[in-house]
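Heads up: the structure comes next, in structure tokens.
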């Protein structure tokens, strides 16, 4: 850890911004000396605790100083210590509690350290160094990590504000606000009482908490009309106070320039009384005068109580505003920075609530408090504690914009620059004489002071205010002593200060226990902070230019809003019952003053966050605002001239013809009465008059006229070309300069109603055009209600579009979302029919064609079904799966013209299995039927579940009935034949009578061909493997790029994945072990992205697989088909991958490793020899497919192994009742392998005869991981690691040259399997055996798997408490003899053979 000493800092030039000064406020014997903290970088933020503090410097460096009790260190403030463990964490905010610390990262991660006796650091042990604390929302599934944007710390608790404006707490005490009685709370928990509220800011006292919350909007608010005025309750400090409802404003209503003149006009109008030129109702001046006199008495001499002074202040403010360099015309700097809930320029603050419309903070706020209230610090009028957050009603409507919590008192700052305080007042820290104060009271401030920042400490408060001068003013209230003299002397003559002070004055106002000190310097204060008995202030030594202008602008706007509030209270409150124009004036006045207040508040927040930020954007915004103002001024002058010209035109050409064309917004450009313009085919005596307006061209002939909208007008070269081009350019938003002939806005956006087009007759179109034809994105609306919104090309729907087609019969519309081509539905899309059916799949020329899924009806209706499969010209044809949900049957087979026809399989919800042939939608021909009790019928069928003809019925006990059958299966069968009962020793006849499943099913390789054909089509291939490889890669890149452009709300990680997929890999290079991993990584990303053709393929295959084998399809007799289907997927999929990467070898081929590349182990591919890698479709693609297909597939394995699993589990439970040593002895494990010691939390304990689950724990835990993996290769790796862990655990008990003997290894491994207690181990073994890579079946992993498999057989043969290993040992002896090894050879040697 590096200590930053003053000597280290002397080599640096002291910065002029972010200067930090600290002094102590308590104790007469202490010398009051503001001490400069010498850092080479500006200080961005400071936070003070009881006896320590934290600094956040530029570059995300965090420093600590003071009494660091958790490290037994005392660090002087002049040499703070750097928190090295936070380097690189991008810290944007720090918070100091009573005796602990917190830091907030840019990504919302929290770090805590310090005292942790009450759990305030979020850990269960000491936290001497910063440690990450995860805020996890466990109420959602799956749980998500919450992003924190603000942090506050008390003595024994911590609060965090999330990006969703929710509050989280941890630590101890009622100040947490949690519904719990168990303390400490070690992990952050959500404060449920504030759920649904928009929390803006939080503050922590010693044992209480404050939250600034946005008020809930009124339920019956109407934003269209001026709302009725709502009177506020009277403040305890003012006799007349009115709080009208605040109104949200958008950018169109915001105009910072000219605000002062509007107010002066309003005052002039209000003072004009009945004689005013626009007065609609008399104003009683006597009523106003009486109210003003009453208000003067209540205010007792405040300057703002007279209209004269207010008017003078308005003039002063106006002059100051007009003198600012670059006053913004389109919002404040607050508008240009990110939302307060997000980090900006390396800093985070939870300052202001953001409005959705204009980005300005809301003034409709509430203050909530909870915790201990013994000193009245909660503000609820009593001294009781509150376990849950409670709103302070007296502050509702006071427009509070910031709160601060001291040890036992609280402060609130309003938008009118007033300070409310409550709680303990032992040292006068509240700013008034009352003690204690249990409800918020306004602090007494000197005239002309407007507070805009505050902070609260242990027994004092520090305020930052605007004074009569430009520079800010520092106010202090608290400890009663000769503070001002020491403060002045200490500040002015401190050798540590770099402040250049031209003058300093101190004003003392002693009110009982209150002392207010005012200090004004040429330096600029931008942040104050207090904690314990320490005060701190951040200053700028030399602020000029942009920052100075913003400071001045913020000061004047705060003054302006305070002045407007006084006018609203003094002048408009007496007139609140007046109607007419007074009510309208009052409405717009409130609207304007609210906007000014919000903007002033946003500037205050901006100045809090100005340190360490790049202000280039804000500075450019000011210049841009000035340029836009000048452009607006020129535009207004031009429009004024056009209006005057149009006025003269209408006055000259008055009459019925022109009266119809006269519109308020229409302006004349030119007309043909003074310009020669004739038609080519006009007659000798014809009369034509052309008028060009700014929105239309009018052709008048005698008494008739025709209007041509300019938005749909294309002009060919003639004498009027230039004028028409200029007019069209203007109406389309250009500068009116005209264009070259024939080039005027060939591409434009316009609205038009078709009249002659047969397809679009009477349809109204709004959107893009190209050379007179609809082209680009637009919306077409037909008179019958049909609406299309999407892309057009050459006058027809083409590309992605959404269409709604009304269905008059069902009185509901059909809707379609998907691809179009040449005016028809073509490509992939989703069609919702009015009948309730939903089709999602491929279309061709408006018909369902290719792969698709049709859902019919709902579960609550009489008929409900789902079909997924192949379509041809709107009919089911080819392979498909039909799930009849109502009947509880699932059909998996071939279709022809919407009828079941061909080989198929049918399963029912009652466990009946049928495979055979269908003809014309019914069972016909030979088939095989198996019931739930394993009764099998193999014979002829004539209808659904109807037997008719020769057949053989085999019962589950082996009895057989052969003959002629007739009848329905569920009703009863008539039989003429011979009944055969096998003898005891006739096992061969049993095997001969058993029927093999799968002889009538559709081969797995022929299923879902339509899905793979669609994938080939998306790659640009006509058929499988028939296409240009370069075109395929270009189609992939175009698809991914289109998705990125059309989806602006993608997450950062998803956007990076898409960006990486846009790049076309080097697919033509020879594949080596060096670039084979690159191919695997690309395939992994592609399969995880549904917009990629391979990702769509995986997603669709998973859907088809789940549709087949989930629900009714979970029949154990479908297991073999399910396994073969997965293998068919891999074969087809690998052919597509080999098309994209042609240098990949065939399935089972080898890839040579380059000579310079070191040999690496790969668990997904097996090394046949040194430097060669064997690649198979299962090793490459199974990890991409199987995790998604695992649930239905493993369910089938469990159903298949269910009887054996029951016996296996019963034996596992019986044997696990035995202690370790008894079980080891029973299994025949030699005593030399018995562990004698076990480790519990790092402590060694002896294993006794009664110990259970204490031996070979690591091996047992490793084997248990087999249930958490999906692919056979991962499961085999778990088995291999189990053997390795077993060897590691045994070696300490034996010699170093120990070699395993299979007689010793097998019982030990059996013990590990028993103690692992793995459910469905038989299903796990069967899955591995069916899907494992054939290249590793005979390797080391394959023989280890064989060991596990034979061990499972031994468990199934367990009988009467004895285990027989003779069979397996016989196999091992034979293996040892044939391979030339002894029985005592190592496991690896035997397994490798």
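Glycine residues also receive a Cβ, built from the backbone N, Cα and C atoms like all the rest.
Since the structure is predicted, the reported quantities are computational estimates derived from the model, not experimental observations.
Cross-referencing 216-240, 241-265, 266-290 with TrEMBL places the feature region 'Disordered' at 216-240.
Helix, strand and coil residue tallies for the domain 'VPS9' (1217-1364), in that order: 91 helix, 10 strand, 47 coil [DSSP]. Helix, strand and coil residue tallies for the repeat 'RCC1' (417-467), in that order: 0 helix, 24 strand, 27 coil [DSSP]. For the repeat 'RCC1' (165-215), the DSSP-based tally of helix, strand and coil residues reads 6 helix, 25 strand, 20 coil.
Within the repeat 'RCC1' (108-164), the DSSP-based counts of helix, strand and coil residues read 0 helix, 28 strand, 29 coil. As a whole-number mean, the pLDDT of the repeat 'RCC1' (417-467) in this prediction is 88. Residue counts for the repeat 'RCC1' (365-416) under DSSP, helix first, then strand, then coil, are 3 helix, 25 strand, 24 coil.
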